[in-house]
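Input: a single structure, listed below in structure tokens.
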Amino acid sequence: MSKTHVYELAKKMGIENKELLTRLKSLGIEVKNHLSVLEEDEILKVTAPPAAPPKSGPQEEVRVTTTVIRRRRVAEAAPAETPVEAVAPPVESAPAPLEVEAVEEAVVQAPPVVEPPVARESEAAPAEEPVAAAVKPASEPPVVQKAPVAPAAPPVDDKPTANKARILGRVELPGITTPAPKPADRREATAPKKRIEERIMTPSPTDRPAPAGDDRRKAGTPPPPPRKGKEFVAPAEPERGAKKPGGGGAGKKKEAFKKTELLEKRERIFEPGPKTGKGKKRERDMVSLGRKTEITVPKAIKRIIKISESITVGELAKRMGVKATDLIRVLMKMGMMVTINHPLDVDTATLVASEFGYEIENVAIDVDEMLESVPDAPESLTKRPPVVTIMGHVDHGKTSLLDAIREANVIAGEAGGITQHIGAYDVELNGRKITFLDTPGHEAFTAMRARGAKVTDIVILVVAADDGVMPQTREAVNHSKAAGVPIIVAINKIDKPEAKPERVKQELMEFGLVSEEWGGETIFVEVSAKKRINLPELLEMVLLQADVMDLKANPDKDARGTIVEAKLDRGRGPVATVLVQEGTLKIGDYFVAGVNSGRVRAMQNDRGDKVNEAGPSMPVEVIGFTGVPDAGDVFISLVDEKRAKEIASHRQQKLRETELAKHSKMSLEQLYDKIQKGEVKDLNAIVKADVQGSVEAVSESLRKLSTDAVRLNVIHSSVGAITETDVNLASASNAIILGFNVRPEPKASAHAEKEGVDIRLYNIIYDAVEDIKKAMEGLLEPTLREKYLGRAEVREVFSVPKVGNVAGCYIQDGKMIRNAQVRLLRDNVVIYEGKMSSLRRFKDDVKEVATGYECGIGLENYNDIKVGDVIEDFEIEKIATTL
């Protein structure tokens, strides 16, 4: 036996630490506390029963509880004097089997600790002690109550109750040995217990009489308490177990009954077959029900599933009565990687449902079909005024030309009408009207084109005679060509001495705009907005172009138009400028525009006058929307309010579904996959660079990459930073933007992220060409990506001896981090790219500086810093390849 702590021994003996400490001190064993270590001989000493006869009442009671338990069974099994005579002789005498049995039971409880001392005591103990001990409990019943308080060791059962005490001794055995629940469940069965004893003890000649003792126990035991409690009593609880009956007959019967019932249940569940007796009818019903389910086939009408627009995988599986995993497996075989919440369109749902014997019926309302414009009879068409948009560089006199045209054709009291910001107005010339749209620059024009709004009939391109073609002029030409709108060029400021109209004509030839004088088809008019020169000629050319286009519309039908612009007015609510394109709009008409509906409550023309109706090509301000519509939305007049609300609600639902499965703009990584699927034949690109030579070289190199599978189109190229206009053009044309030694403006970056436009930035031209080539071949492997950190403006430059120039900066966006990669921009052109050598704030080195603070930044091996420069810091991230 190894060394043991006091608290461990107390736990094994089932007594408190204090009680064990008291007993150890009474035995002369020096211990300090419950953590003290006991040697093997000390453990034997404290667990062994004392040999001296009891001298006082209390001591006698304690000794009785420690030593008599093994012999109390003899006293209980026979008359009071029989144990005295039976115990006195040696172990070999006739009653000895009972005594030996008791010894065996004690050993069974704690074989490692108690077996040696018990064996020695059974051989050498004097006869008087057992006699006195056996007689004493019979004469002193109070000891029975104190017995639970003084158990000396786990193997010795301290209950002085006859047979129950012995049973509890066996119950305590699982607390120490491994098979815990086994003795507890079979407490009343004698044969299993005997087998346990035979496994633990050495062969003993007294094994046979044990059943006789058990029979006697059964005979002398009072009626048992309810068996229910017996089944759930924990083996380590002697108190509860002591009250349980010693008889095992009833327990055996109940246990056997339970086993039989359990086996029957298992057979019914796992091995269904012909049964007799209880449960036969239920099983027969279940079997017959199963057969019916197998042969049942849904009716033809039930095999039709009605869906609207789309349906999720989970919903389709539920309606067909199949598992979603089976449906997903079929879709994966068809090459679709989907989840249970993935929406399926009608075609895909029809295809997969046919695999399971179902049909799909599309019950969706095709709103576009319902609202589609019916072609008009030629006799019902009448001429309509042309819709003209004036575009051009801001400094080239676009606003002045608009003011000059309005002032020449509007009464004096309405000269300031341009400040009403209605966005559209009418001009009359010789009894004919012209509608001008005051769109907010190129951005709105491109946005309307991106939404498919074919509003503008003619574009007037304003170019200053003294400046020539400017970047915004190039963009305006590209926008007009992309929209398929004819262009009339107005060369403004011809009254200036430095005006060179011929140079403007020559520069515009690069874009395919050749003057009629030089054998082309483009109309050029030289005007002066300030001096009112050639304004009538310009309007006549507009009407001439309109006659060539033969613009007509039917006024006698429900109105259709386009939202030019919209706003939320505090007093009037949502207000929109509507350009009526066909039909006539009247007050009181119900309408739908995009996801909004409403009723026309009031209309105003461009001069602010209330009107009751508006015909084709007439711009009016409409009040009565339920919400603010988007520019470019189609405005449709309806007869029924209910129908208008239904259409608006349907569009809102469709918009939500579209946003959930939003189609992102094409990036280089996705190009190869789309080519493989045959979805893309053209790749549009916008090229921006720091010098014109780079623009031309890159554009030409990209055009040479075009093949039969992919045609690469450079739809726009110019010098300068990447602007919001470039992003809008790329979004509308599904193009990518390539930048060389230029950076996007902050607003352009945010807008590109929102629109999903892919912007690629390079320092070397051949890298861009190689990337495009790899993308077309499906070999693009992007591994490095730049992460933008912050932007700072240089407000002061300090010269520090032995260090160089230090830039005093104000952090505009993000944060500056020491030792980060930096880029110095001057007029949005990259001047330097390298590493940040120092970052200080108030002469202290800092790790980073956040937005809104000032700091000093030093660039590694670079001193050419000027006030107004911009410093960007960034870091390079390694991104896993995704194709």
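Any Cβ shown, glycine's included, is placed from N, Cα and C.
As written in Swiss-Prot, here are the features:
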{"type": "REGION", "residues": "118-261", "note": "region 'Disordered'"}
{"type": "COMPBIAS", "residues": "124-150", "note": "compositional bias 'Low complexity'"}
{"type": "COMPBIAS", "residues": "183-200", "note": "compositional bias 'Basic and acidic residues'"}
{"type": "COMPBIAS", "residues": "252-261", "note": "compositional bias 'Basic and acidic residues'"}
{"type": "DOMAIN", "residues": "383-552", "note": "domain 'tr-type G'"}
{"type": "REGION", "residues": "392-399", "note": "region 'G1'"}
{"type": "BINDING", "residues": "392-399, 438-442, 492-495", "note": "GTP binding site"}
{"type": "REGION", "residues": "492-495", "note": "region 'G4'"}
Q: Around the Cβ of Lys398 (GTP binding site), how many other Cβ atoms lie within 10 Å? Please give the count over every shown protein chain.
A: 24
**Q.** Close in space, distant in sequence - Gly392 (GTP binding site), Cβ under 8 Å, 6 or more apart
**A.** Lys398, Leu461, Val462, Val463, Gln472, Thr473, Ala476, Ala490
(Q) Return the residues near Ile494 (GTP binding site) by Cβ distance under 8 Å, restricted to its own chain and a separation of at least 6 in sequence. (A) Ala465, Pro501, Glu526, Val527, Ser528, Ile533
**Q.** List of residues, in chain order, with Cβ under 8 A from that of Asp395 (GTP binding site) and at least 6 apart
**A.** Ala464, Asp467, Met470
(Q) Please report the three-state DSSP label of Asp395 (GTP binding site). (A) helix
Q | For the region 'G4' (492-495), residues assigned helix / strand / coil by DSSP | A | 0 helix, 1 strand, 3 coil
